[in-house]
Amino acid sequence: MSNRKQARLEAKRFIDTLSVEPYPNSQKSYLLGSRPDIRVPVREITLSDTLVGGSKDAPIFEPNEPICVYDTSGVYTDPSHDIDLYKGLPKLREEWIEERRDTHILPSMSSHFARERLADETLDELRYGHLPRIRRAMGQHRVTQLHYARQGIITPEMEFVAIRENSRRLAHQDPSLLQQHAGQNFGAHLPDLITPEFVRREIAEGRAIIPCNINHPESEPMIIGRNFLVKVNANIGNSSVSSSIEEEVEKLVWATRWGADTVMDLSTGRNIHETREWILRNSPVPIGTVPMYQALEKVNGVAENLTWEVMRDTLLEQAEQGVDYFTIHAGLLLRYVPMTAKRVTGIVSRGGSIIAKWCLSHHQENFLYTHFREICEICAQYDVALSLGDGLRPGSIADANDEAQFAELRTLGELTQIAWEYDVQVMIEGPGHVPMHLIKANMDEQLKHCHEAPFYTLGPLTTDIAPGYDHITSGIGAAMIGWFGCAMLCYVTPKEHLGLPNKEDVKTGLITYKLAAHAADLAKGHPGAQIRDNALSKARFEFRWEDQFNLALDPVTARAFHDETLPQESGKVAHFCSMCGPKFCSMKISQEVRDYANNQTLDTTVIDLVMPAESIQLAMQDKSREFLASGAELYHPLVKEPIEE
C-alpha cells in the first residue's frame, strides 16, 4: 500500500472513531455571560497540594489553586458532547445572528460554480452530508461586527471575547501567582480587565477584529488586536500531489487541540470546495482562505486567464460556505513589479506571483485593486473580514524592508480606509524574512501607514540557513514582532520550504508559535500573562512533576522526555531529574538551605552580611558536628524501584 493511501486510511479511521479526549488532569468548564447561551470555554488545570510541614506519618499540605487557560479546542475536549464529524459542531451563534433580524435565508447558492458542484452526482461520496442554509444581509444592511460596534451595539460576540480574554485570571488569590514584571508595551493599551465596552471600542476604531461570518455559526468568537492576547494561526490544506479531505479534517481537529486561534485552508489540489465545507462545519475557530488559489484552479492554473468574474464567483462561493476571512492581494500594483527585479528571491508569495503574472500579461492594473470596492460590498453582506495580503513580502533576509515591500504596505493602508467605508473588518499581512534588527521597523511602518489595523505576520524568519528548522528561525522573529505589537502570528512548520506539513508538523509549528505568542504577551506586560509561568515554576521548585507536565504547553512531550530516563512512578515524586541527578540538583540544595534557615528562625529575605565572625564560626562548627553525626555522607541514596520488563 502506498504511503499516500495509508495516510488517507488512517485519517478516515480518525474521523470515524474520534471521541472526546481531555487534556491530562484538566477539565473543560464554561464562564457564563449576561445570557444563558454565552458560555465561554476555558481549560481548568487541577494541581496537587504542596507539602508544607508535619511528619512522614502526619504530613501537612497546602492546596494550590487550579489554573485556567485559554482554550481553542471546542467541544473536542468536552466530555458532555458526543463527537460526530459527519454531523458537524453545534451552531453556537445561530440564535444571535437570527435575533438581529438583518439577514435572510437564500433560496439557492449565489455562486454558479457552487451550484454546478451541488448538481454533480459523482461528488456525492465526497460531499458533506448536512449542508446548512445560506444567509445573507437583507437589502442594503451591513451585518459586520464593525458596523454594530460603530452603532454603539455590544453584540454577544463582543461580550464572549471579553470574557474569553480575561479567562478567570482576576479570581486568583495566591499572591505568588499574581506577581508579574511590568513589561514594555510600545504604546499598546492593556487594561487590567477587558470589558465588552472596551472590545466594542477597539473594533469601532479598527484596532481589532472578530472574524465571524454569519454562515459559520459553529465558530467560538475570538478577537485579533494589538491590545489583546497575541493569537496564532495554523495553515492546513491539500495540494495537487498530497493529502485528502480526511487528512485535512484530521489536521483541523489536531490544530485546534494544540492552540490554533484561527486556521487557514490553503488547499490547491482537488475538491477544494468539498474539503472546505468539511472543515467549516467542524471548526470551532475562524477559517481563512486565499480565494485566488481556487480561482486559479478554475482556469486550469493559467494565471493570465483569470478574470474578475471568476474571482467574484469564488468570493461568493466561499462567503456563503462560511469563510471568516479572505486574504486578498489587492495592494500589489503593476508599477511595483519592476521594484522586485533586483531581489535575491523575487516574488515569493503565491498570490503575489499570480497577480504579478496577470498584470504583466495584460499590462493592466491588478483587478483586485480596481474591483476592491466590489469585494468590500460582498464582505459586508456576510461579515467576511479582509486580510490584506503582502504579495511583495521579502522571501530572503537580503530583500527585507526594501522599496517594493513598503510601497505595497502603503497601498494596503489606503485599501484599509476604503474597506472601513463599507464597515468591513480589516487586518494587514506582513513578512516574511527579516533579520532581527530590522523587525521593529516593520511594526512601526505598519502602525504608521495602516492606521493601527491589526498586523498578521508569517514569522518573520530571522535567518535563511535553517531548512528543516524554520519553525525555530521564524519563532524568534515571531516573538519579537508580537512584542512590538503584531496581533496574530502565522505559524511556520519544520517543513517550510520543503514540503506539505503532516499532522506532527502541525503540532510542532503550533507549540513553537504558542511559545512565541506567550513570550510576546509576557514582554508586553499583558495582565495575567505570567500566572501560568508562576504556577509551573512553583511546581518545579516543589518537585511536583505531574503538575509540571500538566501545566506545559505540550504535556505529552514533557512527560515522555522525563520518562525516557526516569520511567518509574518514584521518578514522579523524586526531588531531582536525570539532568543533574540527586547529588547536584540546584533546586533540591536550595530547598535544603531554605529549610535550614527556617529551622534556625532566620529571616530568609534579609541576610546580615556583617554578622560577627565569632557567630559565623560557631554556626559552622554546629553544622560540621551535624554532618559527621549523620555518617559524613553528602547525599543519602534513594531506594530505587525495579523497572518492570
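Positions of Cβ are set from backbone N, Cα and C atoms, glycine also.
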Cross-ref Swiss-Prot: substrate site Asn235, Met264, His329, Ser349, Arg350, Gly351, Asp390, Gly391, Leu392, Arg393, Glu429, Tyr456; candidate in list Tyr293, Tyr382, Tyr469 matching that site is Tyr293
Taking the residues Asn235, Met264, Tyr293, His329, Ser349, Arg350, Gly351, Asp390, Gly391, Leu392, Arg393, Glu429, Tyr456 listed for substrate, what is the greatest CA to CA distance in Å, to the nearest whole number?
-> 20
Can you see whether DSSP assigns Gly351 (substrate binding site) to helix, strand or coil?
-> helix
Non-local Cβ contacts of Asn235 (substrate binding site) (under 8 Å, 6 or more apart, same chain)?
-> Val263, Met264, Leu266, Cys490, Tyr491, Pro501
Same chain, |i - j| six or more, Cβ under 8 Å of Tyr456 (substrate binding site); the result in sequence order is Ile224, Asn233, Ser387, Met427, Ile428, Glu429, Gly430, Cys486, Ala487, Met488, Leu489, Cys490
Between the C-alpha atoms of Gly391 (substrate binding site) and His433 (Zn(2+) binding site), the distance in angstrom, to the nearest integer, is 13
